[in-house]
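A.B. asks: Just lifted these from TrEMBL, have a look:
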- 458-715: domain 'G-protein coupled receptors family 3 profile' (DOMAIN)
- 735-759: region 'Disordered' (REGION)
- 1-19: signal peptide (SIGNAL)
- 461-483: transmembrane segment (TRANSMEM)
- 495-516: transmembrane segment (TRANSMEM)
- 528-546: transmembrane segment (TRANSMEM)
- 574-592: transmembrane segment (TRANSMEM)
- 620-641: transmembrane segment (TRANSMEM)
- 653-673: transmembrane segment (TRANSMEM)
- 685-705: transmembrane segment (TRANSMEM)
Amino acid sequence: MLSSSALWALLLTFVGCQANTQFDLRVGVLLTESGTDASTVGSNAWRAQEMYNVTKIFQQAVNTRAASAGATRLRNISYVYADVGSGSNGTHVQVVAERMCTGGYGNLDFVVAPFSSGNTQNAALGCINSSVPMVSGGAASENVFSCITDNLNDTGCVEKVVGERRFPSLFGVINLSSQYMEPVVQLTAINGAKSIAFFYQKSLFAQTMCTQAESAAKFFGFEEPLGSALEITDYDYGSTEYSDLISNLQDKKPDVVIGCVLNTACKNFVNMVHDANYLPKFLALSVCIGVDANEESLGDKLNFVSGPVQWDSRCTDAECSETSASLIQFYNQDTGLTAPEEFNKAYLNYSGLEPSYQAAGAMATMYAMAYALERAGSNATEKLQEAMDDISQTAFYGLIEGSRLGANEQKEMIVLQYNQDTAAEIVFPLSTDTMSVIYPIPTWDERTYDKKMFNDASEHIAIAFAALNGALIISIIVVMLVYKDHTAVKASSPLFVVLSLSGLLMLNFGMLTWVLENNAATCALRPWLLGVGFTLFLAPIAVKLWRIKTIFDTINGNIKVTALKVDDKTLMKYLGIMMLPTLLLLLLWQVIDPLEELIITPDEIRPSKNYTTCRSSTDVFVIILMVYFAILFLSLIILSFQTRKSWAKFKESQQMAFALYGVIICVIVVAALQSTSQGTRAYKLNLRTAFTALAIWTWCLSLYAPKLYLLTKAPTSKDVTMMVSNPATADDFTEFGGGSPKAGGRTPMTGRSPMTGRSPAMGLTPATGRTHNGGRSILQPPARLQEVSMTPTFRNSKRLEAIFWGHGNEVPGVRGMEHRLCGAFIE
């Protein structure tokens with residue numbers, strides 16, 4: 001007898017031998033090899049080639065043991081292939097499958113079903129009396145795996161009830177159609193969608209897909225404005241059913257539209273909604289997403305369309321991983337790549353093509369068979385069937401798990417959405433997304449940037465205000481030119497007023513280069529119109545005020561100047577000097593870093609929101625110009641203050657203060673608007689237009705309305721007293737001897753009575769211009785108009801301008817002198 005220790009040793013040896021026992025698998029593969037063009041992407045022949053590629057890749061991995069670290073029982077795998085044709089002849093598929101399942105191709109451990117639900121169903125029918133496990137990687141229709149109302153009278157479901165398994169030996173590794181659209185419903189619910197509509201092409205596969213998705217929509221509380229899912233029997237391009245459906249969708253406006261369709265129906269629907277210029281906030285279509293042929297034929301029409309797929313090589317979810325704890329592990333061998341990436345690389349290296357999710361499904365059938373062998377520890381048919389029902393494996397493909405129906409009901413679908421470049425990105429599951437879902441999707445109109453200037457309502461408003469402002473400015477210029485010899489206009493230096501208004505006119509129309517859209521012309525013109533315009537607007541006023549200040553400083557004795565050069569020619573030189581910095585800066589700007597048109601993209605997926613602006617690489621030139629303009633503003637403020645006590649006809653300090661205040665406030669507001677991110681560009685343009693108009697009208701009405709008012713009044717002798725800073729009083733005449741002419745006092749010029757017979761100019765003789773005592777007359781004009789010799793007698797005289805301007809005829813002895821003496825004030 002054997003001792004107890006010997007028995008234990010024998011038992012352990014037996015167990016060890018069993019654990020190390022390895023098996024060979026012989027697999028029959030049914031291919032849809034003939035009947036369609038193998039070069040056509042997505043054709044049945046194309047899918048057959050994908051399956052063939054997968055068998056070779058898997059065989060190489062198993063035989064070299066390079067990628068099967070977790071598998072210990074699978075020693076070798078071999079295949080036998082049989083062509084079932086395109087699948088159009090269901091009977092032929094059944095015959096070939098039956099022969100394979102019943103030993104016609106030798107003893108087989110597994111049979112791999114041909115691609116598509118229809119072909120898989122026919123193959124399962126052919127093998128219905130066989131116990132050889134059949135694994136499908138291309139069937140997703142519910143009626144292939146379970147008995148439903150529509151197939152209770154079909155083979156496999158007779159004498160069964162709804163919900164029972166149809167084919168006991170059939171196992172599927174891909175998701176069923178009922179699972180396709182559930183994640184889409186969930187995804188849109190998460191993103192705030194409230195209403196949903198469904199339609200499906202007439203087929204059991206598509207109907208089941210939408211039916212289950214509707215149940216999910218009810219669970220998430222969606223409204224269905226179209227009622228239950230609509231069946232489409234005619235899904236040809238231009239069909240009445242599709243047209244009516246789109247019209248109905250346009251009328252009801254559901255947030256989400258889900259189409260449970262196959263490839264042709266999908267393409268036709270996309271083309272028709274494009275032609276109808278209709279899109280919901282989210283559009284999801286089944287089957288046609290992620291198909292290269294559709295991407296080629298539909299192009300960017302597919303942008304932002306979503307749809308479910310079985311697999312994607314970018315999956316990083318835990319379900320797509322293979323670890324050392326996995327029962328089998330063919331990929332993820334410490335290469336730095338994920339398991340899906342490893343498969344992607346292997347398929348690419350073998351075929352030269354990226355694998356489709358259908359190719360990944362084919363590889364999943366290989367995994368399922370290897371797992372079943374590991375689980376069963378035997379290649380006996382019954383044991384393999386039991387292991388297939390009990391399968392639960394995470395792999396590069398995701399979760400592969402058996403169910404009571406023989407289908408993979410637990411695997412999570414992946415939802416793809418095309419981006420703006422027609423690249424399909426993962427948006428669900430959220431744990432593995434490569435892009436955040438785009439909801440709502442852009443409308444067709446939002447996808448095009450149609451550059452048109454002055455096409456927006458705000459730009460129309462800007463044009464209208466520019467025209468109105470321009471009319472005001474031009475009107476004032478015309479009045480100034482027509483009435484340039486009028487006393488009120490002449491006192492304001494009309495030449496410099498016209499120049500200033502010309503600069504304001506440039507500014508006004510220059511603002512039209514700062515609208516919503518720009519081009520090369522507006523970018524080139526903007527610096528010159530605004531820069532030159534602003535300088536020309538301020539500088540003439542500055543030199544005019546400087547002239548008034550200089551003259552009255554001389555008159556009041558604040559400075560000792562015996563020769564004033566304040567004529568227009570001199571002032572034009574000063575104006576040129578003030579313009580020079582602006583012109584030099586603009587020239588440097590244009591040469592070194594000119595403004596160029598630049599398309600701004602606020603929303604990458606909505607090009608309609610793009611706009612063309614003008615940009616330089618640096619703001620240095622703008623900053624320098626702003627500083628210079630600020631200096632000009634400051635000079636106007638200072639000069640206005642310094643001339644506040646000048647004679648009334650020349651004094652504009654109060655009007656200038658109000659005008660500058662209004663302009664500065666408007667400039668500050670516009671600058672603040674540009675620096676803030678609040679408000680739309682159209683809103684900012686409207687405010688910019690309004691405040692520009694406000695600044696222009698404030699300036700024009702403050703400075704020029706009083707002068708225009710004087711043009712409406714006929715000049716009278718009272719103008720003599722109206723022109724001085726303070727109305728006539730007795731003190732106004734004390735400079736020349738005091739007394740009031742109304743009181744019979746001395747004359748303003750001599751201090752003597754007109755009745756004395758004395759020379760009105762203290763003995764001045766008109767012929768010699770000399771006084772009785774031989775002195776030179778203080779009224780004798782200089783030889784040059786721009787040189788005014790002022791004696792102390794006339795300093796501090798508020799009456800000088802009143803006497804020598806426009807009233808020479810009323811002052812004996814000085815007729816004709818007033819223009820020559822006072823020309824310096826206004827020329």
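Placement of Cβ uses the backbone N, Cα and C atoms for every residue, glycine included.
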A.B. asks: Who are the long-range neighbours of the transmembrane segment (495-516) in its own chain, taking Cβ under 8 Å and residues 6 or more past its ends?
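C.D. replies: Residues 453-454, 456, 458-459, 462-463, 466, 469-470, 473-474, 476-477, 480-481, 522-523, 525-526, 529-530, 532-541, 543-544, 568, 571, 575, 611, 614, 681-682, 685, 688-689, 692, 696, 699-700, 704 contact the transmembrane segment (495-516) from elsewhere in the chain.
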A.B. asks: Counting only residues 6 or more past its boundaries, what in the same chain has a CB within less than 8 Å of a CB in the transmembrane segment (574-592)?
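C.D. replies: The answer is 496, 499, 524, 527-528, 531-532, 534-536, 539-540, 542-543, 546, 616, 621, 624-625, 628, 632.
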A.B. asks: Quick test of the contact rule: Cβ under 8 Å, at least six residues beyond the ends. What residues does that give for the transmembrane segment (620-641)?
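C.D. replies: Residues 527, 531, 534-535, 538-539, 541-542, 545-546, 549, 578, 581-582, 585-586, 588-589, 593, 652-653, 656-657, 660, 664 contact the transmembrane segment (620-641) from elsewhere in the chain.
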A.B. asks: State the residues, same chain only, that lie 6 or more residues beyond the ends of the transmembrane segment (461-483) and have a CB under 8 A from a CB inside it; answer 'none' if no residue qualifies.
C.D. replies: 454, 489, 492, 494, 497-498, 501-502, 504-505, 508-509, 511-512, 515, 685-686, 689-690, 692-693, 696-697, 700, 704, 708, 711
A.B. asks: Kindly state the mean pLDDT of the domain 'G-protein coupled receptors family 3 profile' (458-715) in the predicted structure.
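C.D. replies: Per the prediction, mean pLDDT sits at 86 for the domain 'G-protein coupled receptors family 3 profile' (458-715).
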